[in-house]
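Down below is the structure, laid out as structure tokens.
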Amino acid sequence: MYRVKSEGEGDCEMMLQDQMDSPVADDVSSGGGSPHPHRGAGPPLKKGPWTSAEDAILVDYVKKHGEGNWNAVQKNTGLFRCGKSCRLRWANHLRPNLKKGAFTPEEERLIIQLHAKMGNKWARMAAHLPRRTDNEIKELLEHSNKEMSTS
């Protein structure tokens, strides 16, 4: 549902209000969500898939404030996500310099060489492929191992 932005209202404020008006927000506010496990009091946090509105709020926040201090994101934006969730969403999905899609043959060769040297040290391997995530590398190798074991 779209609505007209009132005068002086920023995009994040509009998206936040839309987020609050969503059925998911109602479920969280009525006790459907669960509080952060390390914090006794505070708003319930949303779990599950991120919405495009939440992504836009996080991207806007990082553009203005930079990466880091992920626990401040919830306090400063009103997102119902914990700092770890925000950090992982940024690192694995929203970072502008991420390379998405199929691995090149050169990347695959490098990953196989690194795996032979390092074992399952995905983050260390990802440091050698700066535009790829540790999870992508792990999934590539797990998929390759499954193919080899079925053939």
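Glycine is treated like the rest: Cβ placed from N, Cα and C.
Taken straight from TrEMBL:
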type	residues	note
DOMAIN	42-98	domain 'HTH myb-type'
DOMAIN	42-94	domain 'Myb-like'
DOMAIN	95-139	domain 'Myb-like'
DOMAIN	99-151	domain 'HTH myb-type'
REGION	16-50	region 'Disordered'
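Taken as a whole, the domain 'Myb-like' (95-139) shows an average pLDDT of 92 in this prediction. DSSP states for the domain 'Myb-like' (95-139), grouped as helix (H, G, I), strand (E, B) and coil, give 25 helix, 0 strand, 20 coil. Residues in the domain 'Myb-like' (42-94) partition by DSSP class (helix H, G, I; strand E, B; coil) as 33 helix, 1 strand, 19 coil.
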